[in-house]
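What TrEMBL lists as active site, cysteine sulfenic acid (-SOH) intermediate is C46. Sequence annotations record features per position, and here TrEMBL assigns domain 'Thioredoxin' to 4-166.
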Amino acid sequence: MQGMLLGDVFPNFEADSTFGQMKLHDFLGDSWGVLFSHPGDFTPVCTIELGRAAQLSPEFSKRNVKLMALSVDSLQEHHDWSKLVMSLHEPGSQFPFPIIADDRRELVEKLGMLDPEEKDRNGMPLSARCVFVIGPDKKLKLSILYPATTGRNFDEILRVIDSLQLTAHNRVATPVDWRPGNSVMVPPRIPETEAATLFPAGIYTKDLPSGKK
């Protein structure tokens, strides 16, 4: 399903993973989800990305977010790779989230995850570094697509989830470089009188040369 739009219900796919057979919606339950894809197992950037995600797994859990990785390698390769990752980053620990096997490339094609510029030794396109954030309602809340040559910033993914969860329950928007605890913005569609009622602790405005606030 290429060209998924924000607000689309995410496909309830079934797949083999290092945690066993999984059906996406059942796996997520009432949680948020992050599905992120990799060009290939045992590659340098993917290995340190997976290690960073494993290190940050408790932070995602605090936010009621379940992580899932995916690449076009076999289930056995995923098991071997996850052991390697943990030996580098947290020796003796179990890998904390499932890695989905897609060696038939069914999911990466269905979800539009391929990078046509980067190919494997057989000339097949590698999976790009996609990030899909899925809400408890199973709808797509955010998608980010990195080329295979650019590693992701998982601190930024956490920041975005903080914003998504805040704005899902409050009529606010988060400004540039926002972090939890910073001021937020009142969307311009909310009249000032209504905003004053919604936010009794107070709001402030800035007058601009255009006459707008």
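Using the three backbone atoms N, Cα and C, a Cβ is placed for every residue, glycine included.
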Inset, instruction - Enter the number of other CB atoms within 10 angstroms of the CB of C46 (active site, cysteine sulfenic acid (-SOH) intermediate). - result: 23
Legend entry - Average pLDDT across the domain 'Thioredoxin' (4-166), rounded to a whole number: 92
